[in-house]
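Quick notes on the structure that follows.
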Amino acid sequence: MATSRAAAHGGKKAAGKRLAGKLKGIRLFATDVDGVLTDGGMYYAESGDEWKKFNTRDGMGIKLLQRAGLVTAIVTQERTKLVARRAEKLAIPEVHQGVMDKLVLVREMAARHGLTMEQVAYIGDDINDLATLKAAGFSATPLDGVRPVIAAVDYVCRKKGGEGAVREVIDLILDARSGFVEG
């Protein structure tokens, strides 16, 4: 039976069936950007241009969630044109940049869609995500999330931020919805 990687890091132990039960009810998937959709690096050109590397598999996963009828969202403290462009390319309906209190925003977003926090999956990597991760019905962090986050989440990914961690979580959600449980 599969257990969360969080158990190995002092977080909550979640058996495969219990995890699948939490995942089945998910209707809204929200993600942080830096350190989750990207590797957390900030790359600057001499001209002042900023670059971020996004994983295409994460993008395909987001499209698969949308096809399955889930609401997808980006919630980030940063405010960049790059994030807006990536969100537009993926047709993400809920894009929230410059957010200082992510929990308040995610609660409001869930309510707007007629959902409870139990129906929200959130993936984040740092302490500014902690309150939202604790309130979400399902929470995850990339392998390189910070220790307090690793200790608090339902699932710690095998992959690092920007290297397919988002797709890993999406695959868990889609597998749970289809009845497939890794074990």
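Counting begins at 1 with the first residue displayed.
Positions of Cβ are set from backbone N, Cα and C atoms, glycine also.
What TrEMBL annotates here:
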BINDING   D32, D125  Mg(2+) binding site
BINDING   D34  substrate binding site
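A separation of roughly 8 Å, to the nearest angstrom, links the Cα atoms of D34 (substrate binding site) and D125 (Mg(2+) binding site). Mapped onto three states, the DSSP output places D125 (Mg(2+) binding site) in coil. For D125 (Mg(2+) binding site), the count of additional Cβ atoms within 10 Å of its Cβ stands at 28 [all protein chains shown].
Taking all protein chains in view, 20 other C-beta atoms sit within 10 angstroms of the C-beta of D34 (substrate binding site).
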